[in-house]
Amino acid sequence: MPSVHRIATAYGATAAAALARRFEGNIEERALLGVRGAYTIRVGDYLTSADTEDWCETGPVTLVLNPRTRCRWIAETMYRIDLGAARHTFASLAALLAAASPARSGDALAGLAARSNLERVAARMVLADLPLADLLTDALVPYETDEVTRLILDGHDAAAFAALSHLTVGEFREWLLTDTTSGASIAAVSPGLTPEMVAAVSKLMRNQDLIAVARKIEVVTRFRNTLGLKGRLAVRLQPNHPTDDPLGIAAAVLDGLLMGCGDAVIGINPASDSVDAACTLLHMLDQVRLAHAIPAQTCVLTHVTNTLAAIQRGAPVDLVFQSIAGSEAANRSFGIDLAMLREAHEAALSLKRGTVGQNVMYFETGQGSALSANAHHGVDQQTMEVRAYAVAREFAPLLVNTVVGFIGPEYLYDGKQIIRAGLEDHFCGKLMGLPMGCDVCYTNHAEADQDDMDILLTLLGVAGVNFVMGVPGADDVMLGYQSTSFHDALYARDTLGLRPAPEFETWLDAVGLLDDAGRIRPVDFDRAPALLALPEAIR
Amino acid sequence: MSDVPDVPSLRLRRATPARIGLGRAGSGIPTAPLLEFQLAHALARDAVQTPLDADALAATLVRAGLPPPLILATGAGDRTTYLARPDLGRRLDHASRQLLEDTPAPPCDVAVVIADGLSAPAVESHAPPLLRALQTRLANWNWARVSIVRQGRVAVGDEIGALLSADLVLVLIGERPGLSSSDSLGAYLTWAPGPARCDAERNCVSNIRPPHGLTPDQAADKLAWLMTQARRRRLTGTALKDEHTALPP
């Protein structure tokens with residue numbers, strides 16, 4: 001599989017003949033490695049259009065080209081369907097996936113969205129009949145210029161995929177929904193799934209399908225506590241401050257702890273980009289954690305190069321944070337590559353700070369980031385998002401957070417699009433085997449409000465999301481957007497019968513914050529300093 | 001429970017503008033803070049729609065002793081287009097590009113671009129004092145004429161900086177309004193501005209928003225340090241860390 005460069009697939013006699021004509025002669029350049037389907041062709045074989053007359057009776061024909069050959073042609077057309085009097089054609093797999101996507105502003109901005117509702121359904125009909133295996137072999141982003149594609153294809157687990165290799169995308173959807181398909185059976189095939197397969201099936205799923213399947217999948221990770229267990233909902237405590245003032249941050253941490261939040265991570269987005277500031281905050285968070293023996297991890301969400309520098313200075317780093325995306329070029333726009341992430345992963349592991357596990361990475365993603373960096377390669381934003389999960393999967397993260405509505409209305413226009421994207425990201429991440437959380441959020445220039453966030457939060461709670469955000473009053477005073485609040489987390493846990501991470505729940509009880517029913521007792525903030533005193537260094 | 005002595009909760013409340021200690025109605029937020037949130041959201045959404053008064057801003061800068069700024073616009077003609085089409089907000093419209101091409105641009109150290117971004121009130125309030133504070137600190141630098149851009153995004157500075165033959169471009173732009181910060185200014189530095197630049201090649205100082213965020217003097221200290229380093233090392237971006245420590249307020 002690593003040798004695959006570009007593949008053209010033809011359906012039907014005419015298309016197969018046209019395809020063969022395009023490649024005729026080029027075989028002498030030893031470009032062809034093989035033909036999947038009924039025929040196998042060896043390197044050096046000569047291909048003529050006459051050969052295709054046999055093939056077309058046996059179904060789709062795929063030409064696999066040698067990556068060492070500088071192929072200048074582009075695979076053309078191959079997906080079409082007649083609906084009534086209209087013929088719908090899709091020039092590439094990327095075009096087909098984009099047209100099959102539920103409507104969103106980012107795909108329209110990229111010029112990739114379906115041009116009509118009819119075309120969108122036509123694309124879904126073609127996609128439903130596409131063999132899953134085709135998604136494995138047609139690289140949407142070129143193999144030789146993109147290390148994320150190489151990661152996906154080189155690391156593919158063919159043995160895990162074998163159980164699904166006979167299915168179409170539509171049949172895969174039905175398999176996922178079937179009663180006898182358990183979370184364990186999904187986990188068993190997960191290493192055999194590529195982002196493209198996962199994105200494709202999600203496009204055929206209604207919101208309730210995304211919820212029903214994700215709910216089956218349990219992805220458990222550990223550092224100082226155990227996250228992702230069924231029946232649990234963890235919260236990242238997000239105590240950001242406009243100038244990184246330690247006391248101001250500590251105040252928000254106390255407020256969150258009093259409301260039972262912080263089990264996923266106590267994580268600050270720093271206003272400053274400096275290593276000094278990151279180290280100051282890391283020490284401060286560690287002091288608070290140690291002062292009260294809180295079974296949780298802390299993090300300063302700064303660039304991976306800053307975290308590496310902080311580790312070298314001996315700062316108490318629990319987790320390495322980084323924003324990631326689905327192509328090499330998009331990651332470059334974040335100032336990272338896979339080698340840098342590997343170095344940081346190893347550096348964090350070497351500290352051995354986890355007590356119940358060693359998942360040490362915290363990734364954030366979000367649809368639209370690749371397009372925003374002009375690094376989407378003509379691929380729709382939801383598929384690019386799932387490719388970012390292939391990057392995350394490589395590093396056994398503790399937390400993966402899709403910051404769904406942060407990017408703005410040019411990518412997800414309104415509440416409806418944000419809700420859909422949040423459910424897609426959670427489902428796709430879980431299918432890829434990731435500990436998915438969601439920053440249920442929106443900005444002030446999007447057509448959305450708290451009521452939309454209530455809907456998404458509730459749906460994700462039902463879907464079994466590993467964690468959500470806890471921001472004081474839902475208002476992030478540093479990043480300037482609205483997320484979910486400590487109150488929202490209480491609502492979700494209370495309404496859906498979900499509990500904090502077990503070690504954290506035990507701690508909450510030990511410090512007197514749980515009532516007899518296991519709920520968080522209402523505590524007046526004025527009592528906070530008496531209940532959870534701040535270490536002297538911060539006061 | 002800990003025996004460590006108390007910290008008065010009032011000090012904690014004063015240490016952050018965040019919405020802490022709101023109380024509870026069951027799991028929910030009590031009615032008064034619920035409505036305060038909705039009021040702030042309404043104000044922020046309205047701030048996004050407020051147009052930049054470029055002429056008034058230009059007059060302010062002239063009164064402060066600067067040469068008359070260039071007034072430019074991007075291809076995103078109105079707010080709705082601006083919000084939906086970031087690509088248009090990154091490129092000057094035809095007339096603005098023509099104006100710059102016709103303007104003599106001897107090589108200079110830095111070009112300042114003031115763009116409305118998502119908050120015209122932020123730009124109108126904080127860009128003039130920040131610019132004054134910065135020019136005082138870097139008085140021996142060779143400054144290009146200031147540009148004011150309507151419906152602009154950060155990357156429009158790359159095109160302007162290149163046309164003005166500037167080594168460095170500084171974009172002062174209104175940040176996405178938060179509920180309690182509808183007037184926050186961001187400052188983005190890019191070495192060798194041009195079409196090939198990406199976001200990892202910029203340095204940013206954000207939350208310039210007195211009194212809760214950085215003051216113009218604090219921001220100018222950080223920017224002057226970054227600009228001096230950028231010129232010395234001939235680069236900006238993640239390779240240039242902000243090692244400058246701002247003085248305590």
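Placed from the backbone N, Cα and C atoms, the Cβ positions cover glycine too.
Automated prediction, rather than curation, is the source of TrEMBL annotations.
Here's what TrEMBL has on this protein:
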BINDING   A:Arg236, A:Leu237, A:Gln238, A:Asn269, A:Glu364, A:Asp439  substrate binding site
BINDING   A:Pro270, A:Gln322, A:Ser372, A:Met478  adenosylcob(III)alamin binding site
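With an 8 Å limit on C-beta distances, the binding-site residues from A:Leu237, A:Gln322, A:Met478 that reach chain B are A:Met478. Here A:Ser372 (adenosylcob(III)alamin binding site) is positioned 15 angstrom away from A:Glu364 (substrate binding site), judged by their C-alpha atoms. For the binding-site residues A:Arg236, A:Leu237, A:Asn269, A:Asp439, a Cα to Cα distance of within 10 angstroms from A:Met478 (adenosylcob(III)alamin binding site) holds for A:Asn269.
Ranking the binding-site residues A:Asn269, A:Gln322, A:Ser372 by how many Cβ atoms sit within 10 Å of each one's Cβ puts A:Gln322 at the top.
Max Cα-Cα distance over the annotated adenosylcob(III)alamin binders (A:Pro270, A:Gln322, A:Ser372, A:Met478) is 22 Å.
Of all the binding-site residues in the list A:Pro270, A:Gln322, A:Ser372, the shortest Cα-Cα distance to A:Leu237 (substrate binding site) is found for A:Pro270. Around A:Met478 (adenosylcob(III)alamin binding site), a 10 Å sphere centred on its CB holds 27 further CB atoms from the protein chains shown.
Recorded residues A:Arg236 (substrate binding site) and A:Pro270 (adenosylcob(III)alamin binding site) have their alpha carbons 15 Å apart, per Cα-Cα distance.
Of the binding-site residues A:Arg236, A:Pro270, A:Arg236 has the largest number of other Cβ atoms within 10 Å of its own Cβ. In this structure, the CA atom of A:Asn269 (substrate binding site) is 21 Å away from the CA atom of A:Ser372 (adenosylcob(III)alamin binding site).
Taking CA atoms as the reference points, A:Gln238 (substrate binding site) and A:Pro270 (adenosylcob(III)alamin binding site) are 11 Å apart.
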